[in-house]
Amino acid sequence: MSGRSPRVLVIGAGVSGLTTAVLLAERGCRVRIRTTEYPGETTSAVAGAIWGPISLAPRDRTVAWARRSHGRFLELANEPGTGVHLALGTVASREPIAAKRPEETRLMTDLRACEPGELPHGFTAGARATLPLIDMPRYLDYLTRRFREAGGELLRSQVPSLSDAAGESRIVVNCTGVGARELVGDAGVLPVLGQHVVVENPGIAEYFVELSESGRWASYMPHGDRLVLGGVAVPYAWDRVPDGEVTAGILRRCAEIRPELRDAPVREEIVGLRPRSESVRLKVEHYEGARIVHNYGHGGDGVAVSWGCAHEAAELATDE
Ligand SMILES: Cc1cc2nc3c(=O)[nH]c(=O)nc-3n(C[C@H](O)[C@H](O)[C@H](O)COP(=O)(O)OP(=O)(O)OC[C@H]3O[C@@H](n4cnc5c(N)ncnc54)[C@H](O)[C@@H]3O)c2cc1C
């Protein structure tokens, strides 16, 4: 980067847009975010969120993104007010688990298989490890504060087209999640709806995630007095209105594992759209005189790869 600091337009204020915007603003760029939803209203705010093994492509790049993000979350867990902390917990399955472990499990230094007595009833295999948990509403607030402190500007404003964005700035970063389907006409991005039930935490400190191919599972993630319960995955669904039957199913599955959840007061039911894509789209496109850096399509792992993707997007944006 040289000369006068470049002006950059970031579209989107979920975890992808905010993290990229923070890095660009802290590098001295004059950054404006335009977003239809404020950070607390995005899909990112709905995520659990846990850093764990990821199921995104392209594999060679996503492992590097996950590794970089893991390192950053470990640092943030030591800083008060970020919403990030480390927690021990269990990932378990009712079916046998593949013997080959994904590359990123090497970062889990205390990873070990569960003893049979550590598994909930009906589960046949599992593993325990300490992982970063991210309390998304607090974390997005932290990123927003950090962005503003670096001089960034955040506007609620829908970007109707890439031409509109290119007309505003010579450098644009597109972090629109499922919104990319409309903004850039990418039919390869599909919503996979997820719903969480947030309850008052009766005192659970560990996380739990059930591995399941069925589209319905039990999971819980503690964030102080909030406990985020999941989960479901419903492809092609767009309606972000919480479904009472889904809530009842989540509460029932979680209470089978932790009976004290049967009476936990429900604080809210929240719905988000995971931006599933065959492959994360993180690349440059030249469009009407502007350099457009796309950073979207992170499926169910957008938090877990956010720092790695943001570093690459920021480099692509400022690489002359
Ligand atoms: C229930 C659930 C649980 C999840 N759990 C995890 C987890 O444990 N770990 C994990 O890593 N990931 C998890 N995810 C996935 C993660 O939430 C997503 O991958 C991530 O939030 C995507 O972030 P994003 O910033 O790319 O998109 P989003 O958060 O969707 O943000 C997109 C932004 O673009 C804006 N936008 C869109 N179109 C326009 C436009 N035309 N003009 C202006 N603004 C626009 C939106 O308003 C929004 O601000 C979960 C998701 C769900 C739903």
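Glycine residues also receive a Cβ, built from the backbone N, Cα and C atoms like all the rest.
Quick caveat, the model's predicted, so the values are computed rather than measured.
As recorded in TrEMBL, the features of this protein are as follows:
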- Thr43, Ser44, Val159, Thr176: FAD binding site (BINDING)
- Arg274, Gly300: D-dopa binding site (BINDING)
- 7-316: domain 'FAD dependent oxidoreductase' (DOMAIN)
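Here the features listed in TrEMBL are placed on the structure.
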| residue | record | Cβ within 10 Å |
| --- | --- | --- |
| Thr43 | FAD binding site | 25 |
| Ser44 | FAD binding site | 31 |
| Val159 | FAD binding site | 20 |
| Thr176 | FAD binding site | 26 |
| Arg274 | D-dopa binding site | 24 |
| Gly300 | D-dopa binding site | 20 |
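Mean model confidence for the domain 'FAD dependent oxidoreductase' (7-316) is a pLDDT of 97. The secondary structure of Arg274 (D-dopa binding site), as reduced to three states from DSSP, is extended strand.
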